[in-house]
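The structure appears below as structure tokens.
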Amino acid sequence: MRTSIATVSLSGSLTEKLTAAARAGFDGVEIFENDLLASPLAPEEIRARCADLGLTVDLYQPMRDIEAVPEEQFARNLRRARHKFALMDRLGADTVLVCSSVSPLAEADDALAAEQLSRLADLAQDFGVRVAYEALAWGRHVSTYDHAWRIVESAGHPALGTCLDSFHILSRSTGPEDLDGIEDIPGEKIFFLQLADAPPLGMDVLQWSRHHRCFPGQGGFDVAGLVRRVLRTGYAGPLSLEVFNDVFRQAEAGPTAVDARRSLLVLQEEVGVADLPAPLAPTGIAFTELVTRDAEPVTALLGRLGFTRTARHRGKPVELWEQGDARILVNTGPAAPADARHRSGGRTSVDGTTLAAIGLESPDPAAAARRAEALLAPVLPRRRGAEDAPLDAVAAPDGTELFLCATGRPATPDWRADFEDLPHPAAGPRDLRVDHVALTQPWHHFDEAVLFHRAVLGLAARESVDVADPYGLLRSRAVTNADGGVRLPLTVGAAPGDGTAHARHIALATDDVVAAARRFTEAGGRLLPIPANYYDDLAARFPFEDGELETYRALGILYDRDEHGAFRHCYTHTVGRVFFELVQRDAGHQGYGAVNAPVRLAAQHAVR
Ligand SMILES: O=C(O)c1ccc(O)c(O)c1
Ligand SMILES: [Mg+2]
């Protein structure tokens, strides 16, 4: 199916918007009137620019407050329409969107609305234009898709059809039966289909629509369910994204357009009109890679956590540190060239150590990379160095490198083969594993990051939680595989500030966090000090065994509990932009200690 995007969904000048849409692979655009009015290009030039870029102009919009008005007002509306239709001829657009009226002049008179829309369609026909009538969810008298369709149907004009917009429909829907009427509309009378999702917000619908729409798959609506119904009518027009969103208005148009196209690809897969390589969820974290100019602070920290240096890369200044099943690469080389092409997320940092890459253990790395590529993830060079084993890797939206890899599987290239063993003392039996890797995201890429990790990597998104930071608010949403072997909480930071909210961390699971915390401090490590008030509150919230709370208080261990059991955790100090967490997770507990995060963040600010 053809795909299209409304210029209002992207930031920048009209030229920037068109370029971004074309680069991301859209077939067409909806041109928003404001974008045209503000452009120095004549309509003919815009038309030529679109043609050069391989874009069709699928819709011109919006025309407002047209129908069901007194005759003298309607005469003025027709005069306005004549100008717009002439403009559309110059622009090469053959469909105009007319939103249901919000004017106080409009009357609750469907027969009048139908008659005037029919006269508008007569005029449109003279210009070779079709009119697509859309019910705004806040329209004065017409606010539902079925009402708009009844008016269009009774007008019975060949140049008049309806425009369905998933936001207006789903924001007002109270159950699937509200949508049954869609399939009563003949497909050829649906002149246009606009798609947007939105998070469930319980607010005024106009404000919700104008500020919080997002791309399908990023909110809470069943957009795919709606599209399935529309396709059953025989609708053959484009799938077009129309997203009004405060963040996208500010973010760079290029990445937003790619995010938008990815969302449509996933939607097309869901409704069965696109054939993508199947998702293959990773089964575990093979390694995490830290990049630093000065390895000493971070390797000292790793040593205190019980890690030993076990191997060294054959061709590059990268060391492998291991403890139990946890593996960490410490890279003191220059940032990979891939970096420059992507947005700085984990890597670019003035203050040293960053978490720049993750190795995801994949059931079939090459197949997983093919899906990633089909979903527009930038594929990184398979070999980082001439002698390296081939490794499939893609860049996440923020530039973090994601290696899709195999560890110790004879038939598959093994990242470990690039490393030569170093003599090392036998490690003490601490048996750490990676519980989760928390990836802070740039503020304007959060929804994109969640969709990327879900769609590209085949992970499931958990619920979104808000966390208060002393200097802002964080939003956090974990993506995980089915058995919890991969847990990646994605967090969007507050204002830049001192960077506390932007540090990433590796959480190491242990069966005994008290013992692990003691060994760490006995080895000279410093745990994040937690205020006494926190423990006084814990005592009020939960019953503890004798001495248990005092132990937590002495070490700085935080505590949470749900119906499945407890979550005990503590934090190391921060090195550059990375810190570590020690975690004891009772089987079945699915959280990350979000209730404790404000205390942890405040403590980290205090240390700085
Ligand atoms: O918010 C609006 O006014 C508006 C305009 C045009 C649309 O297609 C729409 O869905 C909303
Ligand atoms: Mg719309």
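Note that Cβ sites are derived from N, Cα and C of the backbone, with glycine treated the same way.
Site annotation for divalent metal cation in TrEMBL covers Glu134, Asp165, Glu242, and the matching candidate from Gln73, Gln194, Gln207 is Gln194.
TrEMBL lists His505, Glu581 as binding Mg(2+), and of His424, His436, His444 the one it places in that same site is His436. Note: the Cα of His505 (Mg(2+) binding site) and the Cα of Asp165 (divalent metal cation binding site) are spaced 41 Å from each other.
The DSSP breakdown of the domain 'VOC' (284-407), given as helix, strand and coil counts, is 23 helix, 45 strand, 56 coil. Mapped onto three states, the DSSP output places Glu242 (divalent metal cation binding site) in coil.
Taking His436, His505, Glu581 as the candidate binding-site residues, the subset whose CB lies under 6 angstroms from any atom of ligand 2 is empty. Ligand 1 lies under 6 Å from the Cβ of Asp165, out of the binding-site residues Asp165, His436, His505, Glu581. Distance noted between the C-alpha atoms of Gln194 (divalent metal cation binding site) and Glu581 (Mg(2+) binding site) is 45 Å. Other residues of the chain with a Cβ within 8 Å of the Cβ centroid of His436, His505, Glu581, the Mg(2+) site, are Asp435, Val437, Ala438, Pro489, Ile506, Ala507, Leu508, Phe579, Phe580, Val583, Tyr592. Each of Leu97, Cys163, Leu164, Ser166, Phe167, His168, Phe192, Leu193, Leu195, Ala196, Ser240 belongs to the same chain as Glu134, Asp165, Gln194, Glu242, is absent from that list, and has a C-beta within 8 angstroms of the C-beta centroid marking the divalent metal cation site.
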